[in-house]
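K.L.:
Just passing along the structure, written as structure tokens.
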Amino acid sequence: PAVNNLLLSPDVVNWLDEGPDEAPRMPAAPAPLAPAPATSWPLSSFVPSQKTYPGCYGFRLGFLNSGTAKSVTCTYSPTLNKLFCQLAKTCPVQLLVSSPPPPGTRVRAMAIYKKSEFMTEVVRRCPHHERCSDSSDGLAPPQHLIRVEGNLRAEYLDDRNTFRHSVVVPYEPPEVGSDCTTIHYNFMCNSSCMGGMNRRPILTIITLEDSSGNLLGRNSFEVRVCACPGRDRRTEEENFRKKEEPCPEPPPRSTKRVLSSNTSSSPPQKKKPLDGEYFT
């Protein structure tokens, strides 16, 4: 019997050893694995202020006047205080101060969701664009939305307490003959991306800080990352103007009254031509 057992599998041997009244014991099937939980990023209990604060150094931001042509890749709307740009395209942001800040001053950029119901969520790239990251990203972690272009001194920070992402660069004074310092930012995910911003509006907060992290100045603007910045800017500005216009009065019910022909509204005043730059 021992020799025969060598030729049989252990499962068959166990079945032969069982009594006639015993039910056959089949090998136990492995328990099904529970599905892995979806990745959920922690919420932040810290919501940074977005209130404009020029501070002692008169800190403010400026933007180029790029117009609304189809070819533009980045354009700023002073009416909406909103930047429209394409994914990963250069977005020049000008920093202006009334007096030089102290040595060691830094400039921080951080994105937050604009609507209060989403403010505790950390703004990050969608999973697709995170996976598409390559060596050209340089120092930037793949999950960071905001990048600084052409600055090897940029630091990408993940706050251990608030979980928020930011990018910090040293403040550099304006060049001779210029009144502003320009930082070139990139936004690395579309506003419509599922799993990322998912059509939720965001604000970019730019802060001026001393070497210890103390606030010297703050400014912010809304950002929309889209395929056609010029078209989207025109559309949103038109919708904004329609909301601002007073509603026309309903016509009188009686048709007997004749309105005077001299009650025509005065012609709209011509707008002054805009300068080449906008400042906030």
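Just so you know, glycine gets a Cβ as well, placed from its N, Cα and C.
The ubiquitin cross-link annotation in Swiss-Prot covers LYS242, LYS243. According to Swiss-Prot, the phosphoserine annotation covers SER9, SER133, SER220, SER266. Here Swiss-Prot flags LYS70, LYS256, LYS272 as N6-acetyllysine. As annotated by Swiss-Prot, N6-lactoyllysine applies to LYS70, LYS89, with the evidence given as similarity to another entry. For THR235, the entry in Swiss-Prot reads phosphothreonine. Among the features that Swiss-Prot reports, region 'Interaction with WWOX' is placed at 26-60, with the record citing similarity to another entry. The region 'Interaction with E4F1' annotation in Swiss-Prot covers 207-245. The region 'Disordered' annotation in Swiss-Prot covers 234-280. The feature region 'Oligomerization' is assigned by Swiss-Prot to 276-280. Feature annotation from Swiss-Prot assigns motif 'Bipartite nuclear localization signal' to 256-272. Residues or ranges marked as site 'Interaction with DNA' by Swiss-Prot: LYS70.
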K.L.:
On the DSSP side of things, how many residues of the region 'Oligomerization' (276-280) fall into helix, strand and coil, could you say?
P.N.:
0 helix, 3 strand, 2 coil
K.L.:
Counting every protein chain present, what is the number of Cβ atoms, excluding its own, within 10 Å of the Cβ of LYS243 (ubiquitin cross-link)?
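P.N.:
Excluding its own Cβ, the number within 10 Å is 7.
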K.L.:
Please report the DSSP secondary structure of the residue listed as 'phosphothreonine', reduced to three states.
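P.N.:
The residue in question, the residue listed as 'phosphothreonine', is helix (DSSP, three-state).
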K.L.:
Would you pick out, from the recorded positions LYS70, LYS89, LYS242, the residue whose Cβ has the largest number of other Cβ atoms within 10 Å?
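P.N.:
Answer by Cβ density within 10 Å: LYS89.
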K.L.:
Tell me the residue counts in helix, strand and coil for the region 'Interaction with E4F1' (207-245), as DSSP assigns them.
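P.N.:
Per DSSP, the residues of the region 'Interaction with E4F1' (207-245) fall into 16 helix, 14 strand, 9 coil.
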K.L.:
Rounded to a whole number, how many Å is the Cα of LYS242 (ubiquitin cross-link) away from the Cα of LYS70 (N6-acetyllysine)?
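P.N.:
With distance taken Cα to Cα, LYS70 (N6-acetyllysine) is 23 Å from LYS242 (ubiquitin cross-link).
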K.L.:
Between SER133 (phosphoserine) and LYS89 (N6-lactoyllysine), what C-alpha distance do you get in Å?
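P.N.:
Pair distance, Cα basis, whole Å: 15 Å.
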K.L.:
What is the Cβ neighbour count of THR235 (phosphothreonine) at a 10 Å cut-off, with all protein chains included?
P.N.:
12
K.L.:
For the modified residues listed here, SER133, SER220, which shows the highest count of neighbouring CB atoms within 10 A?
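P.N.:
For the modified residues SER133, SER220, the Cβ with the most other Cβ atoms within 10 Å is SER220.
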K.L.:
I'm checking region-level scores; what's the whole-number mean pLDDT for the motif 'Bipartite nuclear localization signal' (256-272)?
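P.N.:
A mean pLDDT of 52 is what the predicted model shows over the motif 'Bipartite nuclear localization signal' (256-272).
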K.L.:
In angstrom units, rounded to an integer, how far apart are the Cα atoms of THR235 (phosphothreonine) and LYS243 (ubiquitin cross-link)?
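P.N.:
Computed Cα spacing between THR235 (phosphothreonine) and LYS243 (ubiquitin cross-link) is 13 Å.
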